[in-house]
């Protein structure tokens with residue numbers, strides 16, 4: 001006989017603590033089985049009694065009186081006292097026997113009445129026993145059915161609770177993953193900001209070095225040199241602030257990964273428990289794989305109560321929410337610091353350039369205007385790129401509503417027979433799909449226009465940078481090496497923080 005193993009059964013769970021029952025299948029309780037075809041009938045104890053026949057032995061009158069020997073025994077036939085024979089032998093004895101061995105008609109009638117009464121009494125008692133047995137069977141069947149229904153209802157409630165907390169954990173996990181991704185992007189931005197601070201620092205130091213080569217009266221501590229010293233100090237302070245911020249972001253990412261692992265572990269456990277409870281909820285008296293498990297009711301593998309169970313999930317969600325709040329605050333601080341650093345670096349850079357520009361000619365003034373246009377174009381490119389991302393996000397956001405509407409239409413297409421009604425719900429779903437398709441088409445057109453404008457801005461930017469480079473090359477010939485180095489600074493990287 002094959003025994004089906006349930007999905008949750010394994011050799012590592014509760015094997016040593018369960019009561020073992022003798023018999024070939026170790027997990028089947030044989031004490032639930034009875035010799036009868038109906039398990040609810042009690043075992044009286046005489047089913048296992050074996051009748052052992054005695055050895056045949058002829059019984060003779062030497063062993064037992066012939067008057068008490070039954071006809072089936074190998075002996076002389078039984079002889080009973082005969083009135084005629086006795087009368088012939090002893091007339092007085094025969095008369096006394098005839099007088100004392102006969103019953104009166106009243107005694108015979110009374111005996112029959114008593115026999116009838118006993119039979120009626122036994123039948124009535126038997127009927128009472130049968131009716132009580134039927135009532136008891138019905139009560140036990142109803143009690144068992146009610147208990148099974150109540151257990152199924154409790155399992156359904158448990159499935160609902162597990163599904164609720166699983167959805168809550170999944171939602172929180174998605175939010176945490178999104179927040180971690182954003183924080184990772186912020187970390188990359190901080191690292192990029194640190195890398196982008198190296199070129200201006202090197203350029204400022206190179207400018208100071210080149211200005212030391214001035215001779216005679218030109219070797220003065222002018223406003224340009226003061227601006228370069230302020231710029232170097234500002235760049236070094238900005239590097240220190242960004243390094244501290246990067247360390248905080250790295251630690252926060254580790255905390256977010258720990259919270260994410262905790263949520264994923266809890267979700268995995270709840271998925272497993274949900275599968276087990278779903279299988280248990282679907283089991284009935286005719287399911288395959290049901291069996292006896294002796295002593296399973298005595299084994300208690302539980303490690304938590306409903307309160308601590310829900311409290312554990314709530315604690316993990318609260319912990320994840322706390323980490324998300326810290327991450328969001330850290331992102332805000334990082335963005336503010338990057339913007340402040342970018343502003344301060346750009347301000348110092350602009351001040352130094354202005355100091356250089358005060359010594360420049362009309363070509364330097366034209367160059368400054370061209371830089372302003374380049375800055376505006378870059379800012380516009382940045383705004384257009386954000387606008388393009390928003391349009392793409394809006395298009396992507398329409399995918400789930402479209403899936404929902406089309407899935408509803410597809411599901412309603414399987415309605416049987418006359419239920420395939422062109423009702424208001426069907427018309428609204430079709431209208432919803434058409435509306436979403438029109439919205440997506442409109443958004444795609446706007447996206448194409450924005451991308452075309454973005455390409456035009458990039459071409460404009462390229463033209464401005466080309467003109468600026470031409471002017472820088474021209475000024476490199478006429479001016480000191482410092483102006484040439486500062487004009488090659490990656491200004492757009494600083495602005496795009």
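Cβ from N, Cα, C; glycine included.
Annotation source TrEMBL lists region 'Disordered' at 1-37 (among others).
The annotation compositional bias 'Polar residues' is assigned in TrEMBL to 7-20.
Under the heading coiled coil, TrEMBL lists 166-193 (among others).
Sequence-distant contacts of the compositional bias 'Low complexity' (305-315), counting only residues of its own chain at least 6 positions beyond either end whose CB sits under 8 Å from a CB of the stretch, comprise 161, 165, 168-169, 266, 270. If you look up TrEMBL, you'll see 305-315 marked as compositional bias 'Low complexity'.
Per TrEMBL, the feature region 'Disordered' maps to 305-324 (among others).
The coiled coil annotation in TrEMBL covers 440-467 (among others). The predicted model assigns the coiled coil (440-467) a mean pLDDT of 88.
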Secondary structure composition of the region 'Disordered' (305-324) [DSSP: H/G/I, E/B, coil]: 19 helix, 0 strand, 1 coil
